[in-house]
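*Asks:* I have a structure I would like to understand better, so I am pasting it below and will then ask my questions one at a time.
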Amino acid sequence: MDRIRIRGGHPLAGEIAIGGAKNAALPVMACGLLTDDRLVLNNVPRLADIGTMKALIEQHGIAVERLDPLGRILSLGGQITNTEAPYDIVRKMRASVLVLGPLLARCGEARVSLPGGCAIGTRPVDMHLKGLEQMGAVITLESGYIDARVQGRLRGADIVLPMPSVGATENLLMAASLADGITTLRNAAREPEIEDLAHCLISMGAKIEGIGTGELRIEGVKHLHGAEHSIIPDRIETGSYACAAAITGGRLLLRNARLDHLGAVARTLREAGVEIEEQDSGLLVSRRNGLHGVDVMTEPYPGFPTDMQAQYMVLMSVAEGASMVTETIFENRFMHVPELNRMGARINVHGASAIVRGVSQLSGAPVMATDLRASLSLILAGLAAEGETIVNRVYHLDRGYESVAEKLSACGADIERISG
């Protein structure tokens, strides 16, 4: 099993190209199920989750081709021949449930395995199902599968989400694009990835109003056509490498990064002492003086994203003073804390909050990655630590970060990925 070795203490300097956003690419790939025509996607990241979605789309009969040597341009096209999304694929990635809405809207039926670890009623997947039921779908749960059917077309509906779930907004937005009548999604998620999906759907012929707001109005059409669409830059990758520049006292140009997508991340980092300068080619991130503790609470966009919580906590672990990090989106998302404490951090968890008392220096240690964002947080800690850090179980990284060791090494980090 691969691991990453880091010898810390080297300020980063150079440029890192920010890739396409995984969380935008996955739902946009699902749009390939909404038309027989060809959908061409540019700036697609090369990640394990993209490969999983590719396999799932192909399972339904849609051909997915890579049009360039690096695989960043995908072509999707063909007729749906199968409406079942099997457990063997869906278990690998929660976002696999995004095929439910398109399959149901297009074919009138879908059988999709419940995503791994999903408990109906306590996880956001129930919002997908209730919204589709309001649009006329009949849904049953049996043997770990969602069975959904509708007579004729889905019908437009006025849907109020109990919370601004990103996945539910995406699924219902795609389904409503082919529904009969007008659908209003209230308390919809507002993330840039939702905007990107809406723009792709509009380029395919969908009629959507309210993009970027909490209320989306979708006038369903009978058919969508092919299009070409470019995936937006990954704001979480941007924030992660901004933390890398700050924690090492370095200076990085993050090419293609967009300040308008960072929202609360940029504001919070600046308040903590990180300098972020917008340039034509991206964002220049540096730190000239010390960091100081700033409290943060994760919230739906435009609030501070839960996917940046672990990385920010590492930054606070070497900041002057104390800070409180409160997680409101997901339960049990502090699994990186014991590993950071092994490296000398002083973090105490109290329910949904973690109290972080900054230390002057972290120490290298063998640590275990527990999930995607925790993996990157441990790498950040290793970059700042004195001595050698070994991060185990780094396969999590491949789901959301492309060539991390290579990108950081090119900017002066002493880091390598070790196989076996």
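For all residues, glycine too, the Cβ spot is worked out from N, Cα and C.
What Swiss-Prot shows for this protein is this:
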ACT_SITE  C118  active site, proton donor
BINDING   K22, N23  phosphoenolpyruvate binding site
BINDING   R94, D307, I329  UDP-N-acetyl-alpha-D-glucosamine binding site
MOD_RES   C118  2-(S-cysteinyl)pyruvic acid O-phosphothioketal
*Asks:* In sequence order, which residues at least six apart in the same chain have a CB under 8 Å from the CB of K22 (phosphoenolpyruvate binding site)?
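*Replies:* The answer is P45, L47, D49, I50, D234, R399, G400.
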*Asks:* How long is the line from the C-alpha of I329 (UDP-N-acetyl-alpha-D-glucosamine binding site) to the C-alpha of N23 (phosphoenolpyruvate binding site), rounded to the nearest angstrom?
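*Replies:* Computed Cα spacing between I329 (UDP-N-acetyl-alpha-D-glucosamine binding site) and N23 (phosphoenolpyruvate binding site) is 16 Å.
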*Asks:* Please give the maximum pairwise Cα distance, in Å and rounded to a whole number, for the UDP-N-acetyl-alpha-D-glucosamine-binding set R94, D307, I329.
*Replies:* 16
*Asks:* Take the Cβ of R94 (UDP-N-acetyl-alpha-D-glucosamine binding site) and count every other Cβ within 10 Å, whichever protein chain it belongs to.
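*Replies:* Step by step: centre on the Cβ of R94 (UDP-N-acetyl-alpha-D-glucosamine binding site), count other Cβ atoms within 10 Å, giving 19.
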*Asks:* Determine which residues of this chain, when R94, D307, I329 are set aside, have a Cβ within 8 Å of the centroid of the UDP-N-acetyl-alpha-D-glucosamine site's Cβ atoms, and list them as they appear in the sequence.
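*Replies:* My list of surrounding residues reads V166, T306, F330.
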*Asks:* Rounded to the nearest angstrom, how far is the Cα of N23 (phosphoenolpyruvate binding site) from the Cα of R94 (UDP-N-acetyl-alpha-D-glucosamine binding site)?
*Replies:* 11
*Asks:* For a quick check of packing: other C-beta atoms within 10 Å of the C-beta of N23 (phosphoenolpyruvate binding site), how many?
*Replies:* 26
